[in-house]
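Presented below is the structure to which this report refers.
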Amino acid sequence: MVQACEGRSRAQLPTLSLGADMTQPPPAKAPAKKHVRLQERRGSSVALMLDVRSLGTVEPICSVNTPREVTLHFLRTAGHPLTRWTLQHQPPSPKQLEEEFLKIPSNFVNPEDLDIPGHASKDRYKTILPNPQSRVCLGRAHSQEDSDYINANYIRGYDGKEKVYIATQGPMPNTVADFWEMVWQEDVSLIVMLTQLREGKEKCVHYWPTEEEAYGPFQIRIQGMKEHPEYTVRHLTIQHQQECRSVKHILFSAWPDHQTPESAGPLLRLVAEVETPETAANSGPIVVHCSAGIGRTGCFIATRIGCQQLKARGEVDILGIVCQLRLDRGGMIQTAEQYQFLHHTLALYAAQLPPETDP
């Protein structure tokens, strides 16, 4: 190979035309090379012996981590605890928070890895898919011949408790019955909705009745409604066959898509609305959704977990919270602006807590 390349290089050099009265001197002879044995070149008199039979049997010096392994390692180990005092008086700068946020792997699902026929027709956004290891599988309470698929994931809560939340997309016309089946199957007593039905374009269909309506085999009734400045609370009943259950539905409308609320107060009041004895007594997960089920949904869940950490420990690990959320559902917390707003909201909550007592 080397000789062939050298041959091409010489062939490409321009030739020099010599005059008739000039004679070309004979080429100088290159000095003879002294052949050196391999042992001498290596500076050793010990013969080099290579047993080709041993090739391939030696363990590699180090293993190479795949991008997937690197992602999982980061999401499982990263953290940045902040005390109440630091969060209020010496918080990271917006630039530092942006840099920290951009280092967090999104952990989105590759569509090729989701081997579920026909799932695309039930996805509001083709690139936002449920992570397989934590996705909710429908048990098919009705006789409809369909898959167990719904674009939803179980999400861990404070202290890593399993299945505290279900994060899901805003229901579509062809997934409303699936949504209510999930509510029934998981014994859900609280739904938090963080989007309006339309924000320029459709973000979510009107999946609850004005008074009473059937969605598949589930009969939904409105029992009462109360409007607050930033959100509306509806008390529903869901009936399947002869069994009837109560469900609380909260529609928080003061949050534009891909942005943040004008102030943190309304979000903290929403969290307080959720912190009721009824919520604590119910064993089922809280269903949280916006349009895609990752941005505003992630912010609400992270805020509630962060408030619980501050109240119980006197510090909060917002980076660790977001990493835990993204392990369960890729892309939770969509923008650096939302990440910064999360810090601002939790700093406000920390300021509202009773003064810390000296140990």
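Each Cβ is built from the backbone N, Cα and C atoms, and glycine gets one as well.
The region 'Interaction with MAP kinases' annotation in Swiss-Prot covers 38-51 and rests on similarity to another entry. According to Swiss-Prot, the phosphoserine annotation covers Ser44, Ser93, Ser143. Among the features that Swiss-Prot reports, phosphothreonine is placed at Thr66, with the record citing similarity to another entry. The domain 'Tyrosine-protein phosphatase' annotation in Swiss-Prot covers 97-349 and is backed by sequence analysis. Marked as substrate binding site by Swiss-Prot on the basis of similarity to another entry: Asp257, Cys290, Ser291, Ala292, Gly293, Ile294, Gly295, Arg296, Gln334. What Swiss-Prot lists as active site, phosphocysteine intermediate is Cys290, and the listing cites sequence analysis. The cysteine sulfenic acid (-SOH) feature in Swiss-Prot is assigned to Cys290.
Nearest Cα neighbour of the residue listed as 'phosphothreonine' among the listed recorded positions (Ser93, Cys290, Ser291, Gly293, Gln334): Gln334. In this structure the C-alpha atoms belonging to Ser291 (substrate binding site) and Ser93 (phosphoserine) are separated by 30 Å. The two recorded residues Ser93 (phosphoserine) and Gly295 (substrate binding site) have their Cα atoms spaced 22 Å from each other. Per-residue confidence over the domain 'Tyrosine-protein phosphatase' (97-349) averages out at a pLDDT of 94. Annotation for the binding-site residues Gly293, Gly295: lowest Cβ count within 10 Å of the residue's own Cβ, Gly295. Taking all protein chains in view, 24 other C-beta atoms sit within 10 angstroms of the C-beta of Ser291 (substrate binding site). DSSP classifies Thr66 (phosphothreonine) as coil under the three-state reduction. Geometry remark: Gln334 (substrate binding site) versus Cys290 (active site, phosphocysteine intermediate), CA distance 12 Å. The recorded positions Thr66, Gln334 differ in how many other CB atoms lie within 10 Å of their CB, and the one with the most is Gln334. Once Cβ contacts within 10 Å are tallied over all protein chains shown, the recorded positions Ser93, Cys290 are led by Cys290.
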